[in-house]
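Listed in TrEMBL:
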DOMAIN    12-404  domain 'Major facilitator superfamily (MFS) profile'
TRANSMEM  50-70  transmembrane segment
TRANSMEM  77-95  transmembrane segment
TRANSMEM  107-125  transmembrane segment
TRANSMEM  137-160  transmembrane segment
TRANSMEM  166-183  transmembrane segment
TRANSMEM  218-238  transmembrane segment
TRANSMEM  253-271  transmembrane segment
TRANSMEM  292-309  transmembrane segment
TRANSMEM  315-336  transmembrane segment
TRANSMEM  348-369  transmembrane segment
TRANSMEM  381-400  transmembrane segment
Amino acid sequence: MKTPKRRIFWLISLMLLLATALSFMDRQVLSISIIRIKDDLHITDTEYGFINSGFLISYAIMFTLGGVLIDRYGSRLGLAFSVGFWSLATALHALSTNTFHFGAFRFLLGVGEGGCFPGAIKAVIEWIPSHKHAIANGIAIGGSAIGAVVAVPLCAFILSHTNWRMLFLISGALGIIWVLFWLRLTNKYSKEQNPATKSVASPLKLSDLIHLLKNKNALLFILIRFLLDPIFYFYMFWIPKYLNESKGLSLDYIGNILWIPFLALGIANIIGGWLSDQIQKKTGNTSQARKIAMGIAAVLTLPVLSVGMLNTSLIVMFVMSLAFFAHGIWITNYITSIGDIFGATKSSTVVGLSGTAGAVSSMVINPLMGVVITNYTYAPLWIYSGIMYPIAFLIFLFFLREGIHTGK
């Protein structure tokens, strides 16, 4: 029989995994159903691009604002509002009859989803014992990879039995069901009943953003996300095109194997958290545990340097899966480190600020990647992708200040 602490750990971790999985799935619903939507509503590729921009803009902004709000109101209400808001926005897509409707509802989707990951990190800090933070974060973050693996077959199955409007309604309904279970669960294990919940200091004020932006640790985390996020978006947006054009793989074949890197990512999220917690348990040094795990991840990205010289598509997919695996270990310990340093009242805000930085840099750098590919080759991008994680690790290793900092 599970003890109350073990029961809380698994229930909260599972709910966070489902939340991030729903987040990624709801983002994918449009891209999976767009072929039918374009035939139905005659939306052009240019209009589709503007529709997606609506999500990216609001998501980048709300990553920070959502973090601030969740630090102020806590993970219970913050996550309930975030998931509920984006689920309603997803369902509203079913009412769309033109490009403006899709763009508006996509913008609202980004508003809600911006609070997802800051809220998940906050929930881990509030509900999970500190010696299990890394694995809990790994489970929570791993939900996004699981969402990527199941989104395509699940949405395709629903589309085969109904229409695109019903797909949006079903996706939205799943989120509302999650909110009801989340509120009931967190009410049952209230702060008085839950021994793992941390005492929370005074809530973050909006004015504290200025102090955080002067804090060297916060700036370090923001810089690292700014440098690395474009690489992960490069993997997601450009690998299918690279495999098709450079390796001659058919789009059907690519679609059949592209789930493998995401599965590796989800597994690594959990393994990276478990490994870090085990090192912390043996050494008693939390900072050292995170750094060792992130160092391993950085080393595992080095084979990406060889992608441009590889002739076999299967080896390319292996290296890409290894890169996703490395990213899973990295991002789990990166985010857990934010919680270690900034605690319950400011961690969501720092996660939000870093996420916004990553989204902005990706919006700027990814078009430049297209210019490089068009005028040169993929080679410079493989080099950039292969060296930046080790560089980011060295920045983290030598410039991170130890201890808990409030941002003031």
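Including glycine, each Cβ sits where the backbone N, Cα and C put it.
Just so you know, TrEMBL annotations never went through curation; they're auto-generated.
Keep in mind that what you see is a predicted model, and the values were worked out from it rather than measured.
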Outside the transmembrane segment (253-271), six or more residues from its ends: residues with CB under 8 Å to it: 135, 138-139, 141-146, 148-149, 152, 235, 239-240, 243-244, 317, 320-329, 331-332
Two-stretch contact, the transmembrane segment (381-400) and the transmembrane segment (218-238), at least three Cβ pairs under 8 Å: yes
CB contact flag for the transmembrane segment (218-238) and the transmembrane segment (107-125), at least three pairs under 8 A: no
Segment-segment contact (the transmembrane segment (77-95); the transmembrane segment (166-183)) at 3 or more Cβ pairs under 8 Å: yes
Close approaches to the transmembrane segment (348-369) from elsewhere in its chain (Cβ under 8 angstroms; 6 or more beyond its ends): 56, 59-61, 63-68, 70-71, 78, 114, 117-119, 121-122, 204, 208-209, 212-213, 218, 221-230, 233-234, 237-238, 335, 338, 342, 381, 407
Contact ranking winner - 50-70, 137-160, 292-309 against the transmembrane segment (315-336), Cβ under 8 Å: 292-309
